[in-house]
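S.K.: This is the structure I want to talk about, given as structure tokens.
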Amino acid sequence: MEQNQADQLRILIADDESTILAFYREVLSSKQIPPLTIGLADEFEDFVLSDSVPTISTPSFDLTLCTEAEEVLREIKLSIEEVRPFAMAFLDIRISSDLDGVGVAEQIRAIDPNIEIIMMTGYTDIDAREIARRVPPLHKLLYLEKPLYPQEIHQIALALGSKWQAECERQKVHDELERWLEERTTELMNANEQLAEEIEERKRIEEALRKSEERHRIVLESVPDPVVVYDMEGKVAYFNPAFSRVFGWSLSEGIGCAINFVPVEHLSEVRLIFEKIQRGEMVSGIETTRLTKDGTPVEVSISGAGFFDHSGTLQGSVLTIQDITARKKTEQEIRYIAYHDILTGLHNRKSFYMRLEDQLLQSQSSSGKRRGSHLKWAILFLDLDRFKYVNDTLGHDVGDELLKMVSKRLQAHLRKSDYLFRLGGDEFTILLNGVTNNTDVAKVAKKLREEIARPYLIHDHEIYISVSIGISIYPVDGENVERLVKNADMAMYAAKEERQGFRFFTEEMNKIALERMMLEGSLRNALRDNQFIIYYQPLVDKRERIIGSEALLRWHHPEIGLISPSKFIPLAEETGVIIQIGKWVLASACLQAKVWYDRGYTEFYVAVNLSTRQFREPDLVETIEQVLEDIGLPPHCLKLEVTESGIMENPEQAIEKMRQLRQIGIHFSIDDFGTGYSSLSYLKRFPIDTLKIDRSFVIDSTTNKDDQEIIKTIIAMARNLKLSTVAEGVETKEQQDFLVTQGCQMMQGYYFGEPMPAEAFEVILQARKF
């Protein structure tokens, strides 16, 4: 067995006798085998060979010898696994096994269908047909009876080996042919599939192009903006329905034409647009004008681009034309709103300051040219008096109408060179040009006040208002916008406080403003530093018995001394400090009232003023209830005083708050009655107990018949409404007698006692004399 195993035929020999196995090894391994007789050889070759078996070279044999069936099966399996199959197997039919030799052959055939099986036996009782049935196919099974001659064994091995090899070669050729056919078939199928996919892809592309064209057509026809396509010669190739709708041409009128819808003054602009397109540049957002078919101008925004072939040659262009007429109108409206007051149509605050800046620049430029001389002009700052009252009582519609009527009256009495502005609310400003002296400005201010004071008839209401005017003069009162406006504003407030109608700015006003600022700074710390004290003024009945007192706030400034309430109370109202001060006054007065109550003055009450700002506080009722509860003061020992103007700011809200406080036992007085603008319809709805007649009517009540009639009217009205009255500012016996005669139940004033600290008040309270 020195020959290469790849050139040897593998033969498996199975027999349970080792001598027979040795015999087979010697026969098949020997190179000197005597030839068979001619007759025997011919007979054997006719049996095993056929015309289809090709002639091959004589191979050598690689022998595997087995004595047991299990060993046989193991070798057969191993040969298949190692891809070194046996060409044939000589199998003794009586090999030792639980199976007979035929059963072993069946398993061999199941493992290796191509192996040649030679069944050998020395017995004559074997049924060859049964073996053929059990171990098919017949052409791969040879059944021989022992004994066999060496020459027969050798010839059988050679013949069957050649047959097995030929079949292997034929199978290899068959497999290669099948593989080639399979590869060609696969290639053809792949080619067919690829062709089908290409055909399908082309169909998809064509369908996508069709749909894309359809979509573009739909988009162009449905887009709200005009779109026009030009060919390379500048003639119309297409435009959408929006173009027809905006400009009036039908598609049939425009195709192949150069539509003339560009105004003459914009022709150069068109050339610039198409020059950019020819350079391959985008055109975007060019705002211009185009003409409709009937010559109507349309504000438009144009964007567009060219389309080119592969060589870069311009083939045409497409323009999108947006109608921006509505947008331009909106922009104009926005600009108008930005610089005008919507209600009155006047220029607004922003316009006012821009105009002032421009006026200053012009004045300063002109003054330089005139060698230091100045052009004088004036700012008039106007604030309507009683407008808030009209707005609150008659409603915002009436208030708005009143502002419009005021605006027209002011505008009607100004020159074209003057400017009128509404800053907001009831504030107006006027810029008077060409002022020569203050007298001219005063005449204008006086005339404006007279016009504003004339009655207004709005929704069947006859309304009377007035106006306070502050005036600053350029350049005397300032050479910048901030200073001029500030000074005019200060002058307006001075006019309002002094009720003088109009005031020119003075340096004294600036001094007062500085003092006011200082006072405001001190006011914020006064409560913290215990600078406030409460004085009490007696309230007496007509028999001069003390029935109560009014708590009056005083401020003892460490540097200035005692400061009048008329100076700091309005300031506290403006800054909001009055809220904390008011709570302190309420708590302190209630605490003192509790002291007097505990000392036996159980029917004695303290009257506390509520400011307008306090009355607007949403937690007012809860605050008062908490103070009374914490101190333990019975509600009837506290009377609250409110002003006409305070409760008329929001009458319905005032009624509700007063009703809640009245339910817990607190009584109300309306302070300074007769100086405000109460509506009688509201007055009878307020849950009040007392009207306080203002001191301005009491002072001259013994000599002034008008004041006497007002007092009589107030007392009579109170009597009819089942209210009591208190007269303030009684200073003489004559005044007391007059008031008692008219039926006034209570009085207070210097005649009965000045405001005094609690300790001093308690002394006269105990003595019951003054």
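Cβ atoms are placed via backbone N, Cα and C, with glycine included.
Okay, so TrEMBL annotates it like this:
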COILED    181-216  coiled coil
DOMAIN    10-161  domain 'Response regulatory'
DOMAIN    212-281  domain 'PAS'
DOMAIN    284-336  domain 'PAC'
DOMAIN    375-507  domain 'GGDEF'
DOMAIN    516-769  domain 'EAL'
MOD_RES   Asp92  4-aspartylphosphate
S.K.: Near the coiled coil (181-216), which residues from the same chain, at least 6 beyond its ends, have a CB less than 8 A from one of its CBs?
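M.R.: Contacts of the coiled coil (181-216) (Cβ under 8 Å, skipping residues fewer than 6 from its ends): none.
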S.K.: Under the DSSP assignment, what numbers of helix, strand and coil residues are found in the domain 'GGDEF' (375-507)?
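M.R.: When I sort the residues of the domain 'GGDEF' (375-507) into the three classes, I find 60 helix, 39 strand, 34 coil.
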S.K.: Return the residues near Asp92 (4-aspartylphosphate), defined as same-chain residues 6+ apart in sequence whose C-beta is under 8 angstroms from its C-beta, sorted by sequence, else 'none'.
M.R.: Ala14, Asp15, Asp16, Glu17, Ile20, Gly101, Met120, Thr121
